[in-house]
Each structure stands twice: as structure tokens, then as C-alpha cells.
Amino acid sequence: MEVEKKYISVEELKKHNKPGDLWISIQGKVYNVSDWTKDHPGGDTILYNLGGLDVTDAFIAYHPRTAWQYLKKFSTGIYLKDFEVSEVSKDYRRMATEFSKAGLFEKKGHGALCSITIISIMFCLSVYGVLKSDSVLVHLMSGMLLGMLWIEGAYVGHDCGHYQVMPSQLCNNIAQIVAGNCLTGISIAWWKWTHNAHHIACNSLDYDPDLQHIPVFAVSTKFFNSITSIFYGRVLTFDPLARFLVSYQHFTYYPVMMVGRVNLFIQTFLLLCSRRDVPNRGLNIMGILVFWTWFPLLVSCLPNWSERVMFVLAAFAVTSLQHIQFTLNHFSGDTYLGAPNGNDWFEKQAAGTVDISCSTKMDWFFGGLQFQLEHHLFPRMPRGQLRKIAPTVKELCKKHNLPYRSLSFWEANKATLRTLRTAAVQARDLSNPVPKNLVWEALNTHG
């Protein structure tokens, strides 16, 4: 005897969006993932952000075919009765299926091996230059090499975090810790926590942590209303200090990028020392201790403090190129307030991303992330395949009249500075009702 199907409406599904009562739907079937949040490999933030919604497109983007078989244990036996799939989503799902059949998600190439080899060579050369040479120029070059090592190490950690690049999952996890924690001093746990939330809520001012840089930067005047960060669970207060800093953000942008790595170090310590449930906290702490053992020791081997400072600043300066690239990919993109909507996955990713056009010879430098939209749509796809799918993605954007921004590195810098300057000019408007202090008034007194 056939069991009669149970149905609920989209509005009824939206009510199940709280801890302990968390439902999602995938292809019209409703699943209860309330007890899965603590074990979800991608973290609980993603599930909370998408709770009560249809998440088919996001599920396709983040999970291989083998993951579908595990959905059955979360099934409620309920179906959505009034959910309509947009034409964009239909095309996106067809595209994902075609790429999967073509084996593009499995063709990893030798990128990881090449990157690890290059990282090893740069590490040896940097250490050799510090220990075996008395030349200031060699020490400067060694610091710059270390900066390049950090850039490439971040790309390897990023790749391992999105898909398996090593022969086994264990090796993949080890590679994440070595490339992230041990070599760059940035916790892979912190990266997963923030990066997954960024992907799901791309360019949401209150859900995407990668845009929440108050008091230093504000990419939108909506930050002037002291919005609440859903990700951090606190108000991003736009006080007089924030107004002052934001007013000059288009001037301070590059200097801040130069020392941006310090913020990443701090964020790593804050997470690992927090009360949050951090996956593999002990392993992450051990990896960070490895970094803070070899890095200070290497710096201490330089003959004097001026060269030590030069060495560290040289490494920071080179690494700032990567920090700049990450912001170019999103700062000038479209932004919005509110939670991500499961049925406009493609649209939100297209609106919030900016590709960086470059020759194939520079693919190694950008780590595949110059194809930012392609990466956001297919985060599991190896970086070596992103250039191949870019024309197809561009055509789909054109078909549905969606933005496909591909700018040169120089043009992307100009677009980012324009975005920052626009907000800066608004921040200087003294008619905005932000409480003033004596420093602010003194710096902005005329006549």
C-alpha cells in the first residue's frame, strides 16, 4: 500500500530555522538536520544560515555525489508543495551535472605536487639565505621569499579545505595543518569557520565575515547604521573612531593590507582561545606552536634588529598582494543585507564576485582564485579546471542578464578604491548623526 505523502508550504518550512528545530529542503524533500549541526564537516554556521530554506544549489556546490546517500537518515518524509525552481537554478544544476559527467571535479592534475615542491624550495632558500649569508640584500630577498611561501601555502591550504587533493583524507587533513598552521601561522579551523560562512552568504553585509571590517573599512554606507553581525553575534558599532578611519579608508587601504597578516594571527589566537567548539582544537594549537617556534627562531638568526624588522616587513609586503587580491574579488561587488536565500544561489554569487583577468602564465600566482565566480559556484572543482569552465559560466550569466565582472588587476584595484572612496566621502558628511568626540571635531573644524 502506497503511503500518502505529507506536504508543507515554503512559509511553514521557514519556521524551522532555530537550533533544535532546524529543517532544510533539497529537491523538494524536507530534512531535519537539528542533530547534525555539531557533526557537520562544514560547521554549524552554514546550517543555521540556511535553516528553513531550500538548499539544493548550495548542497550541489559543496557535496560530491557520494553525499546524497547520507540524506536518507535525515528525512522527515515531508515534501514542499509550493516551491518553484528558478530558470537560473535549473541551468546551474544542469551545468553542474555536465561538469560532473566530464570528470572535471576529479581531474586534479599535478598542481598540489608542484605547489608543495615550490613551497619546499622557497622555504629552504629563505632559511639558507638567513643562516649562510651576511648580505643585507640576501636577507631582504629571503624575507620576500618567505612572503611568497605564505601565499602559496595559503593556496594549498585553501585547496585542501575545499576538496581532497591528497591520496587520502588523512593526508589531506595533514596537508591543511602543515600548509596553514605550521607554515603560515593561520589556523585552518579559523579559515573553515569564516570561509564557509563567506561562501554561503557571499557579500551579505551582516552574514559574510569577509566584509565586516569595522572600524577600519566599510564597503557600504549601510554599515553607518551600526548593523548587527549575525556571524560574530555583536553590533558593528559605527562610532566616531570608525567614522574617522572609514573617512580615509581609500588612503589607508594599501598600508593596512601591508600589515593585514597581523590581524589574521590575532583572529587565529582569538578563535583557538575562545569557548567555541573548535574542531581539532588541540591539533590546530600544536600547528600554531610549530609556526611560532620556527618563525621567531629564524628571525632571531638575523644579525641586528633593523634587519629583523626589514625581513618581517618584506614578508608582510609580499603577502599583502594576496590580501589585496582577496578584497579585489569582493569589495566592489554588489552587497545586500539579510540572510542568503536558497533559491538565488547563482544570482548572489554572480553579483558579489569579481574575476581578475590574467594570462595563463599568472595562474600560479593567483591560485585559481582569479576565477572567483567560477570558484564560488563550484568550490570543489580543482583550480586547474576553472579557466576551462569560465566561458560556459559567462554564457549562462549573459543568458539570464546577470553580471559577469572580469577586470584586469589594475582595473580591479581602481574599482575597489572607488568603492572605498564613495563610502569615505559619505562618512565625512557631518550631517550624519554619529556622536562626536573632541578629536573628531578638532580634525574637522573649518574656518
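Including glycine, each Cβ sits where the backbone N, Cα and C put it.
Note: TrEMBL annotation is automatic and uncurated.
The domain 'Cytochrome b5 heme-binding' feature in TrEMBL is assigned to 5-89. Under DSSP, the residues of the domain 'Cytochrome b5 heme-binding' (5-89) split into helix, strand and coil as follows: 32 helix, 22 strand, 31 coil.
Per TrEMBL, transmembrane segment is recorded for 111-131 (among others).
What TrEMBL records for 137-158 (among others) is transmembrane segment.
As annotated by TrEMBL, transmembrane segment applies to 170-191 (among others). Sequence-distant neighbours of the transmembrane segment (170-191) (same chain, 6+ residues past either end, Cβ-Cβ under 8 Å): 112, 116, 119, 123, 149-150, 153-154, 156-158, 160-161, 164, 264-265, 267-268, 271-272, 278-281, 283-284, 286-288, 290-292, 295.
If you look up TrEMBL, you'll see 253-273 (among others) marked as transmembrane segment.
The annotation transmembrane segment is assigned in TrEMBL to 285-305 (among others).
Here the domain 'Cytochrome b5 heme-binding' (5-89) returns a mean pLDDT of 90 for the predicted model.
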